[in-house]
Each structure stands twice: as C-alpha cells, then as structure tokens.
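Asker: This is the structure, below, for whatever I ask next.
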Amino acid sequence: MGIHKLMDLLKEKAPGCIKTSDLKFYAGRMIACDASMAMYQFLATTSSASDFQIQNLTDKDGNKTGHLVGLLNRTVMLIENGLKPVWVFDGKPPQFKSGELARRQKAKDEAAEKQKTAIETGDMQEALKQEQRNLHITKEMKADAIKLLQLVGVPVILAPCEAEAQCAALAKAKKVFATVTEDMDALTFATPFLLRNLNSKKEPITEINYEKMLQELKLSHNEFVDLCILCGCDYLGRIEGVGPVNAFKLITEHKSLEKVLEHMEEVNKQSTKKQKYTVPSSYDYVSARDLFINPEVTDPETIQLEWKKPDVEELKKFLVEEKGFSEQRVTSQMEKVLNAKEHKGSQTRLNDFFKVQPKDTSSTSKASKKPTNTKSANKKGGKK
C-alpha cells in the first residue's frame, strides 16, 4: 500500500517537488530499484484471460516466468538508456508489520475464492482480476530473479528488512542517485529522490524531490513521518475520520502525533453525537515512527557496487534451456547491453560502463549487523 493517497496530497500541497522527465535525462545515474515491487507488477502485467482459462508465462514445468521477463526487459531498457540499476530485494518483514501482512493474506485468500467462482461461471475477466489480487512471490521465484540479474551483471542487494528502506539508505549515502519504486513510503524513509513510472521508455518519469517536498509542506522530517502514519501506512490501521488533507492540517497545526491524538480526544469528549475520530485500539504509532526513522538496513559504506559484463552463455543456459525463453530474444537483449550508450551525445566504452564504482566516503546512517548480503556486511542499527 505504501502511504495512503500521499501522491494526491503532494500534487495539491507541494506541486513544486514533482517534475516529469524523459528516461534519457538520467543517463549516467546509478539508481536503486525495489525488486519486490517490480516483480509483482511484472507478474500482473503478464497474465491474460482466454475464453476458458487464465494464461501466465511459464516454463516447461508450469512455473511462472513473467517476473523474469519483466526484470530482463526493464534492466536492459535502463542500461540501454545509460542508467546503472542496482536491484534491492526485501528481507524479512518487520515483526510490527505482521498485522498488515495478515490482512493482506486474508485479502488474497478471498481473491482466490472469488477467482474460483468466476472460473466456474465462465467470467474469465473477473477471474483474471482476482488472479492479479492473489499474486505470490515464492522463494524459488526470488532466487531465479537474483540469478538472472547476477548473470546480466548488475548489482543485487539482499536487504535485511524493507527494500525501500535500503534503497533510501543507499541514496542518502550518495551510493545511488535515487530510489525507484511505486511505493511512496520511500519518501518516509527520506530518499533524496524518488523515481516512479519507469514502466516504459515512452512514458515520462515522475521525480519527487524530498527536500523540496519538506520545504513546500513546511514540515520537518519527523513531522512528515507523523503525517505519513496519520494518512495510513503499512504498519498501522487508519484512524476513521482522517483523510490525507485532514491529516496534513492536523500535523501542521499540532506538529506531532502525540498532540494530534490529544486534540482528537478533546474533540471526541466535546461531541454530543457520534465520535468524530475513531482511533484503533492498538495504534502503536511510536513503534511505526521508529521503523521509519531508524529502519533496519545494511550500512551503505560496506556495500561495493560492481557492474560486470553479462555472462551470456550461462544466461542462455538458464533462460533458454531451463525457463523456455527464446534464444534469439535473449541474444538480442544481451547485444543491447553490450552496446550500451550514454544518451547525451557520447558513447560509453564497455569497460567504462562495467567498472567497479569507487568507495563513497559520504556520511551514512547506522544499520543492522545481521549479514544477509554476500557482497556486504550488515551493521545493526541505532538512530540515524
């Protein structure tokens, strides 16, 4: 879900922080991409409905491959346009998110039942709709995605927890320029730049500038975090009676969730009819706030980003022999990678493009000590 209707709020209250650009504008930039979010998108867009069944891209054993098709195409598109993608995968979800995960699982179970009913009645469009609400990323699918990206030669990072938080940490440490995800909570994790709508090189990219956003909203980072929690986030249920515009008004006036909740309590006491605000019984905003301000991430200073030449032969074995891809298609995509160009009039030599990036010595946040990435050591985190 991310942050409920945050984009709509920014369009109204902080339009100057949003701009659109062509993909070529970011040539030469390193970007951290939320792999988990992208995989769900790719699975959804590669499903279709026939008169009698739901059709998915699969290998010879019936395993879905739509996420691999999408990751390959997206990665090649970015490299071909001069960008340097880093793919970041989710680790374990925070324990505090268990309630939201349970809610999502219930929704998936309901979608599965509705899909079954739709198939029985022959309504394949409804069945497809419910199929897309019941998508799962298995461990095997994740492992295949990582293998694909490593064979293509791009860096892969296994985050200890939330991928968006790790992407934001990399961007704050200037290891990359921006976070690429559709989830608006990357801003709550304070990514300097958020890029959305990298779905096609034909569509403009939406860029959100974090510092300009705070300036236009006239909020500090902590106040913005409280605003996001009040709007509705993945960690907590929403307060009945509060929409994004009202949430912004309350935070602007009262500056913190503590003061907002005190105000709500007073308003409810004075109400002679139905209470205006209904706060969930387990509204642990303090823990939610801490997850945003002090997320569990790998220390960016321990991460070395390295772009390598693709292992074309191994990639063909994996995609063509195991996953049923067209050899011609794989060859064509790898030729695009090997012929990658900068898009500002100059051509980049292959050895320049796939070189080890120098270690960045810029400041970074504290993070988790738990080792989850083969190319980095994690450090457990204190306050940022």
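Think of each number as a place in line: the chain as shown, counted from 1.
From the backbone N, Cα and C atoms, a Cβ is placed for every residue, glycine too.
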Asker: Return the residue out of Asp90, Asp226, Asp234 that Swiss-Prot annotates for the same Mg(2+) 2 site as Asp183, Asp185.
Answerer: Asp234
Asker: Swiss-Prot has Arg74, Gly232, Asp234 down as binding DNA; which of Glu162, Glu306, Glu313, Glu314 does it also list for that site?
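Answerer: The candidate from Glu162, Glu306, Glu313, Glu314 that Swiss-Prot ties to DNA along with Arg74, Gly232, Asp234 is Glu162.
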Asker: Among Asp34, Asp59, Asp61, Asp144, find me the residue Swiss-Prot lists at the same Mg(2+) 1 site as Asp90, Glu162, Glu164.
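Answerer: Swiss-Prot names Asp34 for this Mg(2+) 1 site.
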Asker: Counting only residues 6+ apart in the same chain, whose Cβ is under 8 Å from the Cβ of Glu162 (Mg(2+) 1 binding site)?
Answerer: Asp90, Gly91, Pro93, Pro94, Phe189, Pro295, Glu296
Asker: Same-chain residues six or more away whose CB lies under 8 A from the CB of Glu164 (Mg(2+) 1 binding site)?
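Answerer: Listed in sequence order, they are Asp34, Met37, Thr179, Thr181, Asp183, Asp185, Ala186, Phe189, Thr191.
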